[in-house]
Amino acid sequence: MNVLWIIALVGQLMRLVQGTATCAMYGNCGKKSVFGNELPCPVPRSFEPPVLSDETSKLLVEVCGEEWKEVRYACCTKDQVVALRDNLQKAQPLISSCPACLKNFNNLFCHFTCAADQGRFVNITKVEKSKEDKDIVAELDVFMNSSWASEFYDSCKNIKFSATNGYAMDLIGGGAKNYSQFLKFLGDAKPMLGGSPFQINYKYDLANEEKEWQEFNDEVYACDDAQYKCACSDCQESCPHLKPLKDGVCKVGPLPCFSLSVLIFYTICALFAFMWYYLCKRKKNGAMIVDDDIVPESGSLDESETNVFESFNNETNFFNGKLANLFTKVGQFSVENPYKILITTVFSIFVFSFIIFQYATLETDPINLWVSKNSEKFKEKEYFDDNFGPFYRTEQIFVVNETGPVLSYETLHWWFDVENFITEELQSSENIGYQDLCFRPTEDSTCVIESFTQYFQGALPNKDSWKRELQECGKFPVNCLPTFQQPLKTNLLFSDDDILNAHAFVVTLLLTNHTQSANRWEERLEEYLLDLKVPEGLRISFNTEISLEKELNNNNDISTVAISYLMMFLYATWALRRKDGKTRLLLGISGLLIVLASIVCAAGFLTLFGLKSTLIIAEVIPFLILAIGIDNIFLITHEYDRNCEQKPEYSIDQKIISAIGRMSPSILMSLLCQTGCFLIAAFVTMPAVHNFAIYSTVSVIFNGVLQLTAYVSILSLYEKRSNYKQITGNEETKESFLKTFYFKMLTQKRLIIIIFSAWFFTSLVFLPEIQFGLDQTLAVPQDSYLVDYFKDVYSFLNVGPPVYMVVKNLDLTKRQNQQKICGKFTTCERDSLANVLEQERHRSTITEPLANWLDDYFMFLNPQNDQCCRLKKGTDEVCPPSFPSRRCETCFQQGSWNYNMSGFPEGKDFMEYLSIWINAPSDPCPLGGRAPYSTALVYNETSVSASVFRTAHHPLRSQKDFIQAYSDGVRISSSFPELDMFAYSPFYIFFVQYQTLGPLTLKLIGSAIILIFFISSVFLQNIRSSFLLALVVTMIIVDIGALMALLGISLNAVSLVNLIICVGLGVEFCVHIVRSFTVVPSETKKDANSRVLYSLNTIGESVIKGITLTKFIGVCVLAFAQSKIFDVFYFRMWFTLIIVAALHALLFLPALLSLFGGESYRDDSIEAED
């Protein structure tokens, strides 16, 4: 008896040593419904399961791993192990790329189902009856160690699922953000959706009353575990570290290095300047150019104010004399043959007008406006469109409540009706609707509608439950799939993660039809939305594919330009009046008509060469040419008036010819400087800007020709018929302002130089603060509906634009090339495309996981994913999805597929399996390539010639963001020297200019300044004065640059051309004064001070009246333009130019010339004023 007791005791001890089972569940006891799953039977803790059979043990090892090989007792039957295997295989296609996550996932459910100590961490809390009237588990608690759960979640959270361009966690964990959400999703009862057949509640901190239980805390593997290491794309810890990017901005504290250097240099120069000024003042004891109470006559400046480089020259300027003689003959021919000149002019205008009406076209396509067809990015866009199809036509609508949450049940009801009408009923004039044009992921799919309504598949939810349902769908989008079967993340639909408190929701419709039918439907959509009655407190903004081009074309400021013309005409009529106050109405009209004629001639001439105009050219060029062209009319007319005063014995023709001889070299010099600057601007490759520069150049040339011929003829005819007798007398009244106010300011010329120099150096400090970009809201009229849309995109859109990495000419049938692309396998190159892009997500604007078709293709072949690549047994025929599993076998057998890529197809096999994959649907295998990748590859029977790998930028909310995103795309795509590839995104083509805009700006402005110096040196025959002219123009541009930073004028191709134009206009302010200072009558004193006074006496009035005030009046009108692009880039820049250039020309330049000006030449063509 004792022996039997001892044997029994030993047996019990052996069972304990070998792991006697403590079960909570064992076996299956039936279903809750006909279509439900088999549910386990609850068992008491005293229950002892039988020893595992060899067959069950072998199956358990196959499913759960080698560590189960020695297990003799388990809390599961063979049927449960089979069911466990089937359920685990559902998750394998999603997480098998990360062995650590897969191992942890399998371990959790293997222990939950079969562990011998199951009863120690599983507590059944609810039992129900099956259809067979047996007890079945309905709800239970699992006690889980929180550290184990956290490491489990961390091993899985970054696994990418390329087919959705998202994360596997979105599918297996409902988008969980932490381990508790992850396990809650896994444990929530979802029997009809393929989830848990009963409720599993995971608990992490045992309460006092739960101390009898133990926490599940088996071995867990990190994603960078040596044995189960995951690929870089799925595990940040496994990734190599990229070299840090060089910071392109040098700063010392908050200051750019350039600004700090300028400040230091400025401080040193300022000390020397004040010392110089103080010593000069002390030495001269306050001496000035003129006595405060005496108004000087020409040549009466204080001789103590000597030029630093004073020299005298009584020679004539040979080049100036030749030009004067040439244009004297032109003027003589014009006054002697006025009718021939005018008839020829009218005939030319008629011919060019005919050409315009017959052949001229306006360029309105935004792409053709902003990107050169020779641009690399334009060619890349063409390549993408030709090979992968044009990007979707996008219709996007924002519904916004700026004061509170946008969502209420009333809003839902209203929007469900609106959206249903748009997608189902709204039709164009051709009876074409959204269903006829929309994007469908597959041929048998429904239309893609990216809207929160699709969480409910377009059916209005119940009033009592809509908030709860919407929140659940927002947390777990995979549970609320729309009819097109793609999860919709909340960042795509709402302005905030807290969707019930979001201020806006976004609806996006996608069209793939790029025909006139799509245009007409979009026009109908636009009409409908503009007339849509919106509930109180809400507003909508929207954009259709045709909106931008249409609104740009509606940007009509012709009335503003017309008013500008009228204002300058009225001013010209007044400013050209005679000394007795009588106006010269005809001359004012003539000047205006000549400007218009030059524009017409230029447009017709360029039309012959196929150069298209744009709306901006049509609206801005007239103003620009009027602002430039009217100046020469003032110069000619004022010089003629001076001849009338000084040479009354001359005939009218002689006075006009003399005026032309005197002013023509100056006019030609200014004309060449301006046209040269405009031609330099033509080097900008952006078509709108390039064409603008060409039109400006040709218009200025025609304007100059017509002014020196047609206007001269009109002036001759007008003066002869008016029979005007010159009034002579004292000119002190007329010149009193200049002689008392202006010249007194000039007496402080050293102080003026110090002030302007300080201004210049201060401006240099601000230059690094100039921002790059061209805000889209500036390009459209301010009353356009697109203004609100662009603002809402920046404020409320939480998804960034897509990026496509296009790889060409790479033979992917070879293993070595496959390893340059892949990311999910252990032998992928360390710096493969997938690995580098995974790392770039952490430091660049590209933040979405890469949709890597090659990885998905190879994962599709994984035999563990037995619903993916299948062949009919014994044949090479593909098993259709509906074919029973027993009649199919996986393409690769167990053991022939490995994460080290051994056995992966190459050569001909690669293309054969590719054909199977690319035609496979996503159901039942999510890795099937047809839906996500059917348009991502260009291939034939032997090779893949090109393919795209999709990712996306983070939300871009400013022009700076867009520029940085473009730079990132270019930088990353160029970091693979062994690959023929480029990055493409629909917006890239508009940001090409910014890649080299900074250096280009310096080159073009520098070239323009050098050109001015060269031309002025040729005309003036004086290096020193030419240098001072170029210096003053440089200072004008630098000061304008600083004001651009302060006034919020960004640098882009438009403002760059304006800067070049500013160089040309800045020359106009200064060049006539410099030439008048250099070429003087023989009777004028040759010292610098006397020449400055002579220049201001003769040219100063024309600069003020003909140049400064004319431009000021014309520019001010632009402030009332509808388009902000006029306000910012034309009104602000040109207004700034007028003020800055006038101050420099009328104050700084005379002071500079009087101190440092070059030698003079005698002008024998005129006599000095008395």
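Residue 1 is the first one shown; counting continues down the chain.
Glycine residues also receive a Cβ, built from the backbone N, Cα and C atoms like all the rest.
Given the structure is predicted, the values throughout are model-derived calculations rather than measurements.
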Going by Swiss-Prot, tell me which one of Cys447, Cys473 is disulfide-bonded to Cys438.
Cys447
Need the cross-check against Swiss-Prot: the disulphide partner of Cys232, picked from Cys223, Cys235, Cys239.
Cys239
Segment assigned the feature transmembrane segment in Swiss-Prot (from 490-510, 784-804, 1099-1119):
1099-1119
Can you tell which of Cys23, Cys29, Cys110, Cys156 Swiss-Prot lists as bonded to Cys75 through a disulfide?
Cys23
Using all protein chains in view, find how many other C-beta atoms are within 10 Å of the C-beta of Cys447 (disulfide bond).
20
If one measures from the C-alpha of Asn513 (N-linked glycosylation site) to the C-alpha of Cys101 (disulfide bond), what distance in angstrom results, rounded to a whole number?
42
Alpha-carbon distance [Asn145 (N-linked glycosylation site); Asn123 (N-linked glycosylation site)] in Å:
15
Are the transmembrane segment (616-636) and the transmembrane segment (698-718) close, by which I mean at least 3 Cβ pairs under 8 Å that are 6+ residues apart in sequence?
yes
Compare 341-361, 585-605, 698-718, 1027-1047 by their Cβ pairs under 8 Å to the transmembrane segment (1133-1153) and return the stretch that comes out on top.
1027-1047
How many Å lie between the Cα of Cys101 (disulfide bond) and the Cα of Cys230 (disulfide bond)?
8
Taking the Cβ of Asn401 (N-linked glycosylation site) as the centre, count every other Cβ atom within 10 Å, in any protein chain shown.
18
Calculate the per-residue pLDDT averaged over the domain 'SSD' (557-717) and state the result as an integer.
82
Tell me, if you would, which residue among Asn123, Asn145, Asn178, Asn940 (glycosylation sites) has the fewest other CB atoms within 10 Å in the structure shown?
Asn940
With pairs restricted to those 6 or more apart in sequence, evaluate whether the transmembrane segment (698-718) and the transmembrane segment (341-361) have 3+ C-beta pairs under 8 Å.
yes
